[in-house]
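**Q** Submitted below is the structure of interest, expressed as structure tokens.
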Amino acid sequence: MSRSQADSTSASEKRTVRKVVARKFIERPKTVVIMAGGTGGHVYPGLAVAEAMHQRGFNIAWLGSRGGMEKELVAKASEQMGFDIAFSEIEISGVRGKGRMALLAAPFRVLKAIEQAKQILQKLRPALVIGMGGFVAGPGGMAARKLKIPLVIHEQNAAAGTTNKILRRFANLTLVAFPGSLKNGLFIGNPVRKDIETVAPPQQRFAQKEGPIKVLVLGGSRGALAINEMVPAAFGKVNKALPFQIVHQTGKDKLEATKESYAQAGVKANVVPYIELMSEALEWADFAICRSGALTVSELAAVGLGAVFIPFPHAIDDHQTKNADFLVQCGAAVVKQQKELSPEILAVLLNELLAGRERLQQMAVKAKQQSKPHAAEKFADFCEELIHD
């Protein structure tokens, strides 16, 4: 073989290698970064989106805040769903109620967090960044903007938080769980877990129900003191002729105190710190008594279950009352403000609801009518369109 032929062959081989390398680079699964933290109300919808995006062939990475509860939740969900979620974290937290010095230092801490997020995104090179709320979403969203990475944000509450109000101005796409919470936001609902979406509809469930009215009381993972104290006392005052069964989830630290409250009220109840399979609990219940966090409201609608809402009175912008209104206005729920509530007042309402299943079924059907099924899949549809645009 002549030298010129050898050079020609070598050049041809190099071009072939470059094409193969380029093809592998192009075909390599793209990465999507999800930013969420602080509460389960931000994290669980993010996990539902993560699963939907992974099923479409995307690698999933997660950006959380250092010391946040999201790290443990994401690790556990990753194991359950059967795919890896690369977890990174930045140093960021809230400043409300932490004093003047924390407020003065806030701009510097935010700038530091933006730089940390920027370095992480540069390393991950994602095709898309998704902001699902929590303190981490602000610096992460700003970093995505600086790096010109497409940004999608999702607002879970009926009253938008400050971070999303800011990010909306330059996000490529804004999605909302409740209509009208953010200007120009597309109403898709809150992504919920698949096991909750597959619960039988209320007409089918109630056709098979008989015996005592089944009440699900949700005190929250951290334990809502007012619910854990007031509900047992209220059940102690209801009409003794009305049969009922109670499952009461208290949170880790309120278990023994709540058990004692039921004992003092002379009421039998199954009191547990956590409910692992919420879908089964919602399917079992005839109605729920709970706070009105965004995810709780969305899960009740997804299943089709009526509720008595006691909004958290110190929620920013009273967003829990606004969340509750979504189901209250259509007759699917009743709202009672904590400051106006007593065991006696709650007992009057319980007497009405425990009188029979007809009203409870009507509430459940109305709740189901407000649901936004397959929100995670619709979310993923929008993300794919943006990535491939």
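Note that the numbers count up from 1, one per residue, in the order the chain is shown.
Each residue, glycine too, has its Cβ placed from N, Cα and C.
All annotation found in TrEMBL is predicted automatically rather than curated by experts.
Pulled these from TrEMBL:
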DOMAIN    32-172  domain 'Glycosyltransferase family 28 N-terminal'
BINDING   Thr39, Gly40, Gly41, Asn157, Arg193, Ser221, Ile275, Ala294, Leu295, Thr296, Val297, Ser298, Glu299, Gln320  UDP-N-acetyl-alpha-D-glucosamine binding site
DOMAIN    215-378  domain 'Glycosyl transferase family 28 C-terminal'
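A description of the local structural setting of each listed feature is requested, covering burial, neighbours and distances.
**A** In this view, Thr39 (UDP-N-acetyl-alpha-D-glucosamine binding site) is surrounded by 21 other Cβ atoms within 10 Å of its Cβ, with every protein chain counted.
Mean pLDDT, taken over the domain 'Glycosyl transferase family 28 C-terminal' (215-378), works out to 95 on the 0 to 100 scale.
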**Q** Who sits close to Gly41 (UDP-N-acetyl-alpha-D-glucosamine binding site): which same-chain residues at least 6 apart have their Cβ under 8 Å from its Cβ?
**A** Gly133, Gln156, Asn157, Gly293, Ala294, Leu295, Thr296
**Q** Among the binding-site residues Ile275, Leu295, Val297, whose Cβ has the fewest other Cβ atoms within 10 Å?
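**A** Comparing Cβ neighbour counts within 10 Å for the binding-site residues Ile275, Leu295, Val297 gives Ile275.
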**Q** Determine how many residues of the domain 'Glycosyltransferase family 28 N-terminal' (32-172) DSSP places in helix, in strand and in coil.
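**A** In the domain 'Glycosyltransferase family 28 N-terminal' (32-172), the DSSP-based counts are 68 helix, 26 strand, 47 coil.
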**Q** Give the three-state DSSP assignment (helix, strand or coil) for Arg193 (UDP-N-acetyl-alpha-D-glucosamine binding site).
**A** coil
